[in-house]
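Novice: My structure is below; once you've seen it, I'll send some questions.
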Amino acid sequence: MSTHEKENPIAQAASESADSDTPGFRPKGWMYKTVRIAGVDLWYASPKVQLLMVSIVCFLCPGMFNALTGLGGGGQVSNEAQDHANTALYSTFAVIGFFAGTFANRLGLRLTLSIGGLGYCVYAASFLCYSHTQNMPFVVFAGALLGLCAGLLWAAQGSIMMSYPPEQSKGRYISWFWVIFNMGAVIGSLIPLAQNINKKAGPVSDGTYAAFIALMAIGAVLALMICDADKIVREDNTKVIVMKNPSWSTEIKGLWETLSRAPWVVLLFPMFFSSNIFYTYQNVSMNLAQFNVRTRALNNLLYWLAQIFGALIVGYALDVSSVRRSVRAKISLVVLFVLTFAIWGGGYAWQKDQRPREIAMNPANEDDKIDWDDGAHKFLAPMFLYFFYGFFDAAWQTCIYWYMGALSNSGRKTANFAGKPQSSFSHVSIPEH
């Protein structure tokens with residue numbers, strides 16, 4: 001046997017090892033076939049592609065949910081059905097949130113994400129059914145089911161978001177996710193606007209609900225096409241180590257330890273609570289009660305566009321490196337203080353001249369609701385007010401997460417700071433979207 005022949009097996013073994021472990025090489029197969037798009041090398045089992053798919057799932061499921069519920073009353077004339085559904089939803093979500101990570105560990109992220117998406121389809125279908133049958137128990141059941149499913153979806157999404165990106169790119173990847181996710185509500189808002197552009201009274205059309213159901217179902221199916229975590233390979237050829245969700249008992253213990261060691265985080269609790277509680281007023285008492293069906297569809301579109309602008313503007317401002325972090329924090333608090341009094345003060349000035357919600361939502365007064373044809377004096381002022389409500393919401397939420405991140409560089413601590421009850425219980429107190 002020649003020297004060349006003796007060295008061949010060694011070279012072959014080295015080559016095989018390089019395919020899986022050496023930077024610049026990846027395993028063979030269609031999942032790792034590189035496609036160059038706009039100067040960027042992509043392959044199916046890459047973090048970029050997989051996070052894009054997860055973002056699209058959230059675009060189609062919770063993104064469309066935000067668009068539907070942002071209409072006020074789930075697109076109905078009365079908010080009664082949505083109030084009952086969302087009480088069941090967030091009561092369930094508040095509890096399931098502690099257990100969802102355990103389910104994600106057992107079921108796997110792909111199946112957990114898909115099951116989570118199915119709950120959104122049932123929720124939208126329950127309102128379509130309610131339009132024809134007034135079946136309130138089905139709406140309440142759908143709300144409770146969505147509370148379970150939403151807990152699963154966000155547990156899986158959180159694990160993927162924290163595990164897949166390389167350390168130096170996590171902030172950029174997360175910002176991509178939130179832009180795509182919020183675009184779901186923007187695009188979703190165009191559906192009822194297009195379907196009801198010539199309709200001034202009554203609930204949204206059946207076609208609107210059908211479109212939401214179809215898009216949510218596509219999101220649930222798309223989740224099944226996501227790669228298993230052990231097949232993901234980053235640009236530097238490193239494998240993904242999936243962050244295991246803690247058990248519910250560990251999570252409660254961790255939250256208690258965080259609060260005992262960093263008690264100043266309690267000072268943020270009022271911000272946590274108020275970060276979601278105003279949605280009921282905006283969606284129901286203002287948008288549903290005071291505007292007709294096509295105009296509140298337009299308001300909903302503008303609201304979510306404002307969310308994107310607000311998050312981008314405030315997020316980039318908070319990361320200006322030329323200003324010390326402590327100074328940025330103080331400036332942001334002053335800005336929030338000014339925005340709160342300016343926007344909500346303007347809201348009070350407008351609301352005090354409107355009819356009470358109970359009178360405005362009487363079906364007999366449907367024709368008296370604000371329409372975009374009513375002119376600048378009657379329509380433009382509340383339209384811009386609703387737009388700035390969306391901007392304020394994004395600014396408030398962005399600042400909260402920035403404050404939590406500034407308190408600690410520990411991922412475990414920040415996860416506890418942003419504990420699941422922060423969003424859920426504030427929704428339960430006053431049902432919203």
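Placement of Cβ uses the backbone N, Cα and C atoms for every residue, glycine included.
So TrEMBL says this about it:
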type     : residues : note
REGION   : 1-23     : region 'Disordered'
TRANSMEM : 51-68    : transmembrane segment
TRANSMEM : 88-104   : transmembrane segment
TRANSMEM : 111-130  : transmembrane segment
TRANSMEM : 136-155  : transmembrane segment
TRANSMEM : 176-195  : transmembrane segment
TRANSMEM : 207-227  : transmembrane segment
TRANSMEM : 262-281  : transmembrane segment
TRANSMEM : 301-319  : transmembrane segment
TRANSMEM : 331-350  : transmembrane segment
TRANSMEM : 383-404  : transmembrane segment
Novice: With a cut-off of 8 Å between Cβ atoms, can you find at least three pairs linking the transmembrane segment (176-195) to the transmembrane segment (51-68)? Only pairs 6 or more residues apart in sequence count.
Specialist: yes
Novice: Which sequence positions outside the transmembrane segment (383-404), separated from its termini by at least 6 residues, show Cβ-Cβ distances below 8 Å to it?
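Specialist: For the transmembrane segment (383-404), the far contacts come to 265, 268, 271-272, 274-275, 278, 282, 286-287, 298-299, 302-311, 313-315, 318, 329, 332, 335-336, 339-340, 343-344, 346-347, 350, 372, 414, 417-418.
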Novice: Counting only residues 6+ away from its ends, which parts of the chain sit with a Cβ under 8 Å from the transmembrane segment (51-68)?
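Specialist: Apart from its flanks, the transmembrane segment (51-68) reaches 74-75, 113, 116-117, 120, 123-124, 127, 146, 150, 153, 157, 160-161, 164-165, 173, 176-177, 180-189, 191-192, 212, 215-216, 218-220, 222-223, 225-226, 300, 304, 433.
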